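J.: Input: one structure, supplied below.
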Ligand code: NAP
């Protein structure tokens, strides 16, 4: 089996990364940064987001596992004290694969139908460059509302505990193939009206954002911030691709939620 290890870049994570690499090579596993079967991310959830984007083109062939060197993570659930156990598990046991849904974002431009496609593990956010964001929101081909406010956040179930949660969105179990649309400070008065609640869309529904005035936007895909000019529409839906996590022991999602937000 081929493996790669990515690190957050701090001293603790780098030391662990080198240790794991050496241990796994002692077990005759081959280190291959380009085509790994398994990627071990050492750091936090943010580190796993980087690893996901780095290996985005081989999601069907690569499984991820996360070791956290800070607080407990949603994607990084092994602690540094357990790395010997994890190395033995990777080297010796056939692992179970758990798949989580991803968000597909297609940005179309006015000039000649140019389009860009992205996959997000956590979310996509859309904000205006200046002033309020004004967007027609279509769901499954029907105009749903005209949004005015700071921005919109479209998240995956596993991303629902990240930015989406700070916006008052619901926490979705990652076994549900859905995306969630959450508002950022919508303007609601006698003139402007939005639904105000986060929406959860199933995998056969598409959310299409169409600019009303401005056509330049600041768009984030997980940790990446992009500037898109002359935008015609932004289409969000559940992607066909999934991220695959290597599971060596059960760690129920609701326990992770409790340990992260309520008590460890
Ligand atoms: P960052 O600003 O350095 O860290 C964002 C925080 O979100 C970190 O504590 C990170 O955990 C945590 N996080 C990431 N994914 C998570 C998940 N699925 N569930 C729960 N917590 C999660 O940025 P970054 O490390 O590059 O990560 C980018 C992410 O930051 C974005 O995808 C977005 O979700 C999040 N963000 C949140 C807010 C907000 O809550 N108001 C605002 C902007 C962006 P670790 O410490 O374990 O890495």
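Cβ atoms are placed via backbone N, Cα and C, with glycine included.
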J.: Looking at the NAD(+) binding annotation from TrEMBL, with 45, 46, 122, 123, 148, 150 already listed, which candidate in 89, 91, 182, 185 is the matching residue?
T.: 185
J.: Filter the binding-site residues 122, 148, 185 down to those with CB closer than 6 A to an atom of ligand 1; keep them in sequence order.
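T.: Cβ < 6 Å from ligand 1, in sequence order: 122.
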J.: Which has the fewest other CB atoms in a 10 Å radius around its CB: 45, 46, 123, 185, the listed recorded positions?
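T.: Among the recorded positions 45, 46, 123, 185, the sparsest Cβ neighbourhood within 10 Å belongs to 185.
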J.: Just to verify a number: CA distance, residue 185 (NAD(+) binding site) to residue 45 (active site, proton acceptor), in angstrom, no decimals.
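T.: Cα-Cα distance, residue 185 (NAD(+) binding site) to residue 45 (active site, proton acceptor): 26 Å.
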J.: Is residue 185 (NAD(+) binding site) helix, strand or coil when read with DSSP?
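T.: The three-state answer is strand.
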